[in-house]
Amino acid sequence: MSSRVLCFVSLLLCIFPAIAFAWHLPLTLTHFDANDPSRDPYQILSYLASSSLARAHHLKNPQITATATSDATTTTPLFSHSYGGYSISLSFGTPPQILPFVMDTGSDFVWFPCTHRYVCKNCSFSPSSDQNVTIPSFIPKLSSSSRLVGCRNPKCSWVHHTNKTQCDECRNSLTPQNCTQACPPYFLLYGPGTTAGVALSETLNLGDRTVSNFLVGCSIFSSRQPAGIAGFGRGLPSLPTQLKLHKFSYCLISRRFDDSPSSSTLILDSTSDMDRKTNGLIYTPFIKNPIVRGKEAFQVYYYVGLRKITVGGRRVKVPRKFLSPGKNGNGGTIVDSGSTFTFMAREIFEPLAVEFVKQVKNYSRARDVEVLTGLRPCFDVKDMGKPVELPELRLHFKGGAEIALPLENYFAVVGEGVACLTVVTDGDVGGGKAVVGHSGPAIVLGSFQMQNYYVEYDLRNQRLGLKPQLCI
């Protein structure tokens, strides 16, 4: 793949000249329709479970590789999709080109599919299809503001997550101050997917505001990436950092609206009066990120202090060391909009699952569906014309915040009335072959569990705000 990437990069270099408040955005869900007879609901759940586990593996063992409605507030629609993510539309370039991006709080780089030669393998929106699809691409030669980032530009080090210069050719030059070497290509991993390209300096258009010299990736090769990615993590190249946001917030619409025109709203806020709390929200502080050599991505995540988990009012016995990140970076809880189902380390998941099985007396286990989906426990809930009743799952955070998840946020009903717990753990997908291990966060709170919740990332005051809210 590297030779192909370098080939595309050489072609891309010919396209460019030589190097010499709050916004409201629609948030779209990436959707699956379990009632669509052309789509196997068991296969869809299995896909979402395996992709969630692969995502957890990446977050716990990150490998970021570099190779060859006021002036201060913006909103945008946020849509849901069947591949498990939520997307927004952003406008780059002069004149503007509008493209979809997956909103991802677990990474810190913004990139879009780029040039007419963009290639994406296994990037179908449908979990059941391996066919390549046409994905909208940014065309740099149509934008007068597109510029390649030079290797001496400080933003080049943002891309490669290093303070070292990327200017190999310049160091060997007799006149390094005149060196025009471009920032080396990037190669990024996202669990099951990858992308590669070069860094651009471009204009981001947000309503009436334009942000010049915005660092963005021009990807020319990807795999398993249904759209570009807008990184909302804590790093320097992230969208919140580059826009100098004080907070951002969103409300994730129900997965029932996947791939539909329905959307909720993402709010980007850079107002100055930000010390006050938002009415109706409960807050928990962000936990200090672990600093681990070789695991710099841990500093990008949003860690929160999960104190305990209860099922049906009974406390799940979780080893304390898994609830807080240690000096080695192991343990703790992060919030990740890029994950679909929540991941829990086996030492947390097993007592959780056991507690559900112990308390559920009125439904039998559906072990055949557990094999098909990779999720467990699953219960046969078809019956009787009665509402489905399962034990409440409640999360208790530091600072007194706690949320009682709606039933549809932690159980998915599939097929002929079978309900499966939408939490994944090491080795439960693919015949027990997927092993995540103990490194990194012990719990990754996914977007499925945050449906119909208003979530606020208060960056200025270092806290996460939550409240249940019908998002549409």
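Quick reminder: no glycine exception, Cβ is built from N, Cα and C everywhere.
As recorded in TrEMBL:
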type: SIGNAL; residues: 1-22; note: signal peptide
type: DOMAIN; residues: 86-467; note: domain 'Peptidase A1'
type: ACT_SITE; residues: D104; note: active site
type: ACT_SITE; residues: D336; note: active site
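Taking CA atoms as the reference points, D336 (active site) and D104 (active site) are 7 Å apart. It is D104, among the active-site residues D104, D336, whose Cβ has the fewest other Cβ atoms within 10 Å in the structure shown. Taken as a whole, the domain 'Peptidase A1' (86-467) shows an average pLDDT of 89 in this prediction.
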